[in-house]
Amino acid sequence: MHGKLLPLAGLYLVQGLPYGLQSGLLPVLLRARGLSLTRVGLAKGLYLPWLFKLVWAPLVDARGSLRAWLMLSTAALGLVCGLLAALPPAEAGPAGLPVTVAGLLLLLNLGAAVQDVALDTLAVQLLEPAELGPGNTVQVVAYKLGAVLAGGGLLALVPTLSWPLLFLLLAATYWLAAALVWAAPALQQLPASQPSEPPRHSLHLLQDVLAMPGTLWTAGFVLTYKLGEQGASSLFPLFLLDHGISTPELGLWNGVGAVVCSIVGSSLGGALLARHRQPLPLLRSVLRFRLGGLACQTTLLFHLDTPGVRLGPSTVLKGAALLSLCLQHFLGGLVTTTTFTLMMHCSQLAPSALQATHYSLLATLELLGKLFLGTLAGALADSLGLHLCFSLFLALSGMPVLYLSLAPSTLA
């Protein structure tokens, strides 16, 4: 099993680099070069290719081998980083992001999204049912580590490394990963895709995917299981900031502390699944724990939001608030690993010619669910108020617990 998990870990780690680059490193670099906050925020539009993975997933299913797709997409990411090294934003002045740099960043996301389709399909086909728990732990933890390395790790090197050197370092990392794809023994036995029939119309293909056992239920679950958690995790740190916690302290707990707790939760989920725990019973337990944790956090928020209450430098309330923050990230990591295992199990029920498209559909819906409430959380808080808003998040977190009772027997 280690011969499979080690290359998967390396590839998922480099897959997390673009996210960390654009969520942590790039905004700071662009802001330091004088770009307005509006233009820095608009850079998130470069994530767009991730929402269209279903467009090229059928190509990955039907053309070439997964090893070729992985090697070429990873090498292409290194090439794009090399080109970015030659085009620092400062060359266009502080007025805006150069069109060439924006285009290359869009290509970076496109290459990462194609790599994501091929890598997830590789994991679906490579892992045995008993290996799904450890495999999805590797997926989630390695991806988060890659995001942290590109976001926080490279950001720490900014005073000593210039824009060109940073992107040359990323390019070298991608080319090493492409060499890993070429050399890894576990990847050399993968068969090339062999379409058994002519390419189908997109609508017919989607119908075939949705007709697979358990797909409709799983699609509904991954679209909704993170709604309440995502809304609360977007607003609670800002609430703590407004009530007296300093920016550096909040950055430490909501940055490093949250990531560490999330990784520990993901690792525990993998360990439990490796002990032959089935995803659905485990989800029932952890979703109840998450609901209880969010109920405690909501109660704490109601108390802190009363007039005159502030978080002092060393109070029990402050400790409880930070503990609540870390606990939710721990439980979120546990839920995520178990859910991704369930998604992969569902995709393994589909024919191999549909697995890339099948898993890409579920992954896209999972991403949409997280982006939806994470984006609207601030507007909901402004319009409804924090009390009603967190009550809504609590209700949304209870929905997946009830929804699990409708799970089809094919996923048991």
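The backbone N, Cα and C atoms fix where each Cβ goes, and this holds for glycine too.
Per TrEMBL, the features are as follows:
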| type | residues | note |
| --- | --- | --- |
| TRANSMEM | 68-87 | transmembrane segment |
| TRANSMEM | 99-119 | transmembrane segment |
| TRANSMEM | 140-159 | transmembrane segment |
| TRANSMEM | 165-184 | transmembrane segment |
| TRANSMEM | 252-274 | transmembrane segment |
| TRANSMEM | 316-344 | transmembrane segment |
| TRANSMEM | 356-378 | transmembrane segment |
| TRANSMEM | 384-406 | transmembrane segment |
Contact call for the transmembrane segment (356-378) and the transmembrane segment (68-87): at least 3 Cβ pairs under 8 Å, seq gap 6+: no
Long-range environment of the transmembrane segment (384-406) - Cβ separation under 8 angstroms, sequence gap at least 6: 217, 220-221, 224-225, 227-229, 231-232, 235, 239, 280, 283-284, 287-288, 290-291, 294-295, 297-298, 301-302, 305, 373, 377
Intrachain neighbours beyond the transmembrane segment (252-274), with Cβ under 8 angstroms and 6 or more residues off its ends: 130, 132-134, 136-138, 140-141, 144-145, 148, 152, 237, 282, 286, 322, 325-327, 329-338, 341
Distal contacts, the transmembrane segment (68-87) - CB-CB under 8 A, six or more residues away: 11, 14, 18, 60, 98, 100-101, 104-105, 107-108, 111-112, 114-115, 117-119, 122, 163-168, 170-175, 177-178, 181-182, 187, 192
